[in-house]
Amino acid sequence: MNKLKRKYGFWSIFMMAISATIGSSILITFGSVGHQVQQNPILMIIVWIIGGLLVLPEMLLLAETSTSYPENGTSYYWLRKANWNAVSFWFGWVMVFFVSATAIATAVVSLGAVAVTIFNIQGSEEALAWYGRGIGVGVLLLLVVLQIFIPKGSGRGQIVFTMIKMLPIGFVLILAMIKGNVTNSFNAEVINQNLGNIYMSSFMLLPAIALTSFAYSGMEAITYVSGEVINPQKNIPRALIWSTIAIILIYVFLAIGLLTLANPKDWQGPGNVWTNAIINGGLPKWVANTFNVLTTFIFIGSLNAYLVYHSRLVFKMSEEKDFFEIFQLTYQKTNMPWLAMLFLVIVSTFYVIFPSLMEVVSYLTLALAVLKFITQIVIIYLRLKDPHYVKHYNNFIFWLLALVSTTIAILMFVGTIILMWNFKTSITGFWWNIGVVGLLFLGWPIGIVKVYLQKKWASTKQNKKLEIE
């Protein structure tokens, strides 16, 4: 089977990190974060800054580990290096089925819904949903074709699509400079509301910060393709750190721009999107329509990035014999894992066809918090036990970063529980969500059985070979 070659430079992975992070989630996250801080603009900006700064220690740890093991697969591969094979098997499949596939499916469905609005397609609600899904899947397949068959299209595509994804954000900032009014949000009445009696304790900001952590997820995309990065020891740490700083600045400026366009109460709330700030800001309808057109680039750019780095996990699992060997097939002219990409498309399309499943998967943020915690543990283990681990930081700095990152993972776990409790429709619904997460972890025993059978099969094969000799 062909190996994936090193072909991505600094700018390709830097743009990939930004494109993977700035996805469909931020369209809703800004309104939801505002709702959590009771529409207080100062708290909203503070939460976005804190959320970004809390990501930095994790990125610094990932930089050290990914340069120690410049191979594709991120935490999955690191678990293999630690010889935690049952855990890595479970971890990999959770990532593929409940993270990779649902991320792609969410972008597909969102893109289709916006496209239906833009083209003013008429029909029943059910028919419009199917039209949207068809359009979204069609765009996804087109991106697959472009990545597989166009030489250097994958690396250059990250740069091009990331620049295009900046258009709607730039559009909002330009509107804010031309039509914005700081008194919409930044006045004494709005700033002081609920500030003293609700958010005296920083603990109460946890749900809001937990929401920002979802919007900040994506920079780690670089570690999925470490095996294809040119000069990884230099480019990976730089790209991780600078992409994090860039995204913090983008989010903060975007929050300020939205707050100057409309009063927080007119657009902030669970599920509300940016368009509400534009419409309720007294701007012409064509402005909102233009924004909708530009928004499609966010989804297209996200899909382009997802296809690159999520397919590498499938490829790596195939290399490590946690999946069929055939999924290591690549297209010779572009060195792209075409079958791994098609597998992700098929699984994602399943979620697109049955969107009710996504309602269940949306509550697996608790599981994601656990996966982050496992990543922290394996990084610490490898640094202590593996003589080949390359230490970039002295022990004090490393343990400080590890302590902060692990504490944040635990706090995000707690914050997610609070968030789920706040948004629950009933006590039964809340515990149902917890039960779904518990069911997910039943995949762990399957990994244990799989590893046991593999070892037994290898031992039997070795004994037969010795008998023949």
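Each residue, glycine too, has its Cβ placed from N, Cα and C.
Here is what TrEMBL records for this protein:
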TRANSMEM  9-30  transmembrane segment
TRANSMEM  42-63  transmembrane segment
TRANSMEM  84-116  transmembrane segment
TRANSMEM  128-150  transmembrane segment
TRANSMEM  159-178  transmembrane segment
TRANSMEM  198-218  transmembrane segment
TRANSMEM  239-262  transmembrane segment
TRANSMEM  293-315  transmembrane segment
TRANSMEM  336-354  transmembrane segment
TRANSMEM  360-384  transmembrane segment
TRANSMEM  396-423  transmembrane segment
TRANSMEM  429-453  transmembrane segment
**Request:** Flag the pair the transmembrane segment (84-116) / the transmembrane segment (293-315) as in contact if three or more Cβ pairs fall under 8 Å (sequence separation 6 or more).
**Result:** yes
**Prompt:** Do the transmembrane segment (128-150) and the transmembrane segment (293-315) come together with 3 or more C-beta pairs under 8 Å, pairs six or more apart in sequence?
**Reply:** yes
**Prompt:** Can you find at least 3 Cβ pairs under 8 Å between the transmembrane segment (159-178) and the transmembrane segment (293-315), where each pair is 6 or more residues apart in sequence?
**Reply:** yes
